[in-house]
Amino acid sequence: GLGLASMVIVFFCNSYYIMILVWGLFYLVHSLTDTLPWATCGHTWNTEQCTELFHLELCRNGSTNASAGTGTFNLSCADLASKRSPVIEFWENKVLRLSGDLSEPGEMNWQMILCLVTTWVVVYFCIWKGVKSTGKIVYFTALFPYVVLILLLVHGVTLPGALGGIVYYLKPDWSKLAEAQVWIDAGTQIFFSYAIGLGALTALGSYNRFHNNCYRDAYILAVINSSTSFFAGFVVFSVLGFMASEQGVDISKVAESGPGLAFIAYPKAVTLMPLSPLWATLFFFMLLVLGLDSQFVGVEGFITGILDLFPQPGAGSLRRELTAALCCIVCCLIDLSMVTQGGMYVFQLFDNYSASGITLLWQAFWECVVIAWVYGEARGTRGGGDTRGHGPLPAGPHPPLSTQGIFVFHVVNYKPLTYNKTYVYPWWGDAIGWVLAFSSMLCIPCTVLYKLLRCKGSLRERWQLLTTPIWGHHHLEY
């Protein structure tokens, strides 16, 4: 059941995560200009409310000069508050072409469809031959972003206001620890960042040699992942500090999260820099490369699971290539719903329900329970010791308690989904989200019931038979 659930989760993740690459590619193409299109008003996608000036401290005396697509005029603070940044208008009116409601899908954006097909073609030809060819590509896609991050940091710390952004990043607000949502966000972010519960790392780990030191790999993965995130924080907040300094507002006003950081806050900050097209190109190319890295892992993990679910020894590489092609095509067809005018609402449904938050917490909790108390900790660590070549490290019951605690927090603090803190999803929209969530969560109890009912003997005999591991031929060799 856990295996099936992880397959469903990673399939949904592959389907919607690709949109980050699609948007990144769209911005990358539009960065290859002399003037960034989201830096100014006066374009076809801009409205009369567009203004390029947001120095709020200038309007304390009652008015300020604001530049818009139609010219320069005086604005009061009240008028300025109703104005919109060209960065936000580019994101909502040009990229998303956002409709007013989930029930209004509107038209498809042919430019986004082109970006969508391009990204899926790139992903397919990077993974179609298997992990050996993908591994060679990852040498570039995993290492090149570090070069860009270092360049962005060196440039970012030289900008005025950068120190204020870094201090804001490093100085904690201890009162936030009393908020349940902080712990929910932290737990689900770590789970998603480490791909816990997605099954992708398990699938890729199956390609290792039997005596590969999995403990060492797990520690290296954790250290590199968290260290990179911490380092990237300096890159982001040095630029956000500069942005806050330029606009004369507190940094908390410009620090976005989620897609807003990558496609609103950072693009806005880039427009304030000298040689802005260069830095925009570097940033979005890095974003595209990092997204491809994550997409490789998810698609490869799903394909490996499909091939293992229906094994055909000696079938050759053609079967794998066809399976990969079918997977990419099906996901691409699902993604067509996200390149419509209501696509962002669909994207958020997938992001909040199908492959993060409550589904990952549920999956991880039962993984801990199964290994510790069903399969048995002694048996599990002994088997792990066989593959590691040394004895187990001490284990305890805390992972199930921590995941269960965050899971309960999540349920108790559940609120209807909203977009941009203003649009509240209708009840049937949330219902669709819960269907996406339960499609993976129910795999676990349903599989348990199915196996128990299909097995023969008393309940105790069925349980003992079903929880006894079956070693494959490649395991018995050792």
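Along the chain as shown, the residues are counted starting at 1.
Here the Cβ of each residue, glycine as well, is placed from N, Cα and C on the backbone.
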Which range, 190-207, 262-279, does TrEMBL list as transmembrane segment?
190-207
Which one is it, among the binding-site residues Ser193, Asn225, Leu290, Asp293, Ser294, that lies nearest to Cys41 (disulfide bond) by Cα separation?
Leu290
Inter-residue Cα distance where the pair is Cys50 (disulfide bond) and Ser294 (Na(+) binding site), in Å:
36
Can you say which of 7-29, 110-131, 190-207, 219-244, 322-347 has the most Cβ pairs under 8 Å with the transmembrane segment (143-170)?
219-244
Quick one: Cα separation, Asn225 (Na(+) binding site) versus Cys50 (disulfide bond), in Å?
39
Do the transmembrane segment (7-29) and the transmembrane segment (431-453) come together with 3 or more C-beta pairs under 8 Å, pairs six or more apart in sequence?
yes
Cα separation, Cys50 (disulfide bond) to Ser193 (Na(+) binding site) (Å, whole number):
36
List the residues of the same chain that sit at least 6 positions away from Asp293 (Na(+) binding site) in sequence and have their Cβ under 8 Å from its Cβ, in sequence order, or write 'none'.
Val138, Thr141, Ala142
